[in-house]
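A short worksheet on the structure shown next.
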């Protein structure tokens, strides 16, 4: 017998709730000759009040599901499996049952469940001993800390009886008593008679067991029936917590509506052993005083509240050493109901709970407002909340805030390609000092692009133009005819749009002169909508019926998506997508899939994975990284990314990050050349232009048909043609040299990656279906438009139970106008699932049932937070009483909400 002074382990790991993924693989059932067609089985998994079901397999005795189910369990939970046969016209028939103890499975697998395959024998419904088949399952995602592995169990033996029990945690205010609600016993050896008191049976001196109930003598009782019946109370094996497979089987009944009041008790003594330690007030410690008990050595001494545990030794029974537990917060009290289950009473808020309350984290304070409502103040962040904070919730929030800041940093880096550097701002300030035309009008700014061309920004209307606003009107130009508009190309060349005939031309209708000699006609911009409609038509022709389910977790989004997308056939990926985030209540009618595309594109295109890189120092468009070969599976990932990008185009979803224009040209099977270098590497482009326009023989540059490239710090030489290192570049062959260098720069070291990308891309969407688009149109088709037109948003919004003149609607649009563009995108993402807009703007927003405009509906009370339905582009806006309240609630909703089913 080990010493009674051994340390008891903490119960925290055994009662901690964790997520467990159960994959129901298959089953083998005995054939029933009465049923010719065979059963249509499905599996129901229940644990701790949760129930999950698989899909049915029609008419088979060997069903195969391979369906993952996610449940919330504790290490001492018990899984119950029921195999049912689906019946069409009557109730389903139970074929067999099986049970699995999680704690025993953890012990046999080193306290870790990682893809553990278990085969269970199914017992009959009427005769449990009869085996009707086998059920194969796979458990994954649960791990117990090493502390529990080393101290989690103790095998004790007395008089021939062996026990294997998990450890027990005792209340700090009771040195020799433990609560009935605890999930097991201690690490220290416990006498067999003491355990017999738990199970309702005692053990005689000869080692035999006799069925005898434990008598408990009480001086007071919380139960009126016990108090009225007498002082003796019987606790049988059925009423006491049973020990099953070495652990306590917890039960969670409905919360008691009116718990019994506490009754003062006297200190207890067991066989002359020292009494319990001095009691503390229930409001401060939450522990209940023990009951005065008189027992025999063969009987378990207990009360309706607590059970004293003794350790048998050479000198007689000794009390167990208690495990120190944090005291209850002020105003809380610990009680035990008539079934021995511990619950906690909050005398301040007048409520009860099963969970032990924790003190407030450092820096938090509890306050009460004028209406008597309790709220909590965080003095670190100077924020308030109605939800009671815990150490775990604060830690999870800090971790989420860190991840969110990292995500925002990545998005900010992507948006920096639209921010001009300090040199441009310095040049602008210098030009203002010596500008002979004087200062610009209010709200205007003069800027210079990467090629040195000057343009002007009107911050009032958020537009840019090539002409100087100070010189407009000085030439006394005639106005354009009605229906005409003058625009400028990316090169600053003016052209004219005739909205009456829907045509464009370089010829000025006022003078009849052309801006270019024989300039080509530019396609009318609205033709792009016709292209999109034509493309969507062909996607519908290629689409497959029904849908496929994609189950991914937010923590392992990249790897889960990779495994599932690569496991499906290309035809299955053309079906309608049904994306599931385990543990969230969102039903995917389009909104969840939009968020999945948005989040996954941010992951797979992240340069940190070394699959893609930024096109240049000041260009945050993405291109394939030549050094991706350091990942041995990089070609598989590029094939996966090709499938993913094709799925985004095929299903009409947007991605978070865009590619470089030459990469879009490759997707369109269009040739790339020297001109494409300008957008990704202006310095390299300008150097080639200088070589083209100057005599290199006079400069004696000694260039050869060979180039150097640096990958991961290693410089390698590449010949543009066979034996190119010995072929000198001259005036006669420099055109060939420039062409080959440009092709090499645009495709250097990425041939295999590009081939793998298009292999996956063409499996979903053949490239010939995109031949009608150009590179910029493809970028808009894949990424959507980023700039939000407030007038277009307000013009195409609809309302339910509100009117355009309602004060809440007017406050909402005032709020949208006041916030910056980033928060507008967040608001748009909160309501629609993505911050990208379709090509046609808000007029072309799509929902689960087709076109669905942005909708604001009057729902809830003024103290509710706004809710959204991303599948229907609908915002549930409660009738707030003031603009400040509406602004506060909306900001909290769009900044702090993540996932679905979060109230």
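Heads up, the Cβ atoms here are built off N, Cα and C, so glycines get one too.
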Which of the listed positions, 420, 589, 880, does Swiss-Prot note as phosphotyrosine? 420
Which listed span Swiss-Prot calls region 'MAP kinase docking site', if the choices are 544-553, 554-563, 564-573, 574-583: 574-583
Look up 60, 352, 385 in Swiss-Prot and give me whichever carries the note phosphothreonine. 385
From the set 157, 315, 450, which residue is assigned the annotation phosphoserine by Swiss-Prot? 450
Please list, for the domain 'WW 2' (358-391), how many residues fall into helix, strand and coil according to DSSP. 1 helix, 13 strand, 20 coil
Taking the Cβ of residue 385 (phosphothreonine) as the centre, how many other Cβ atoms fall within a 10 Å radius? 14
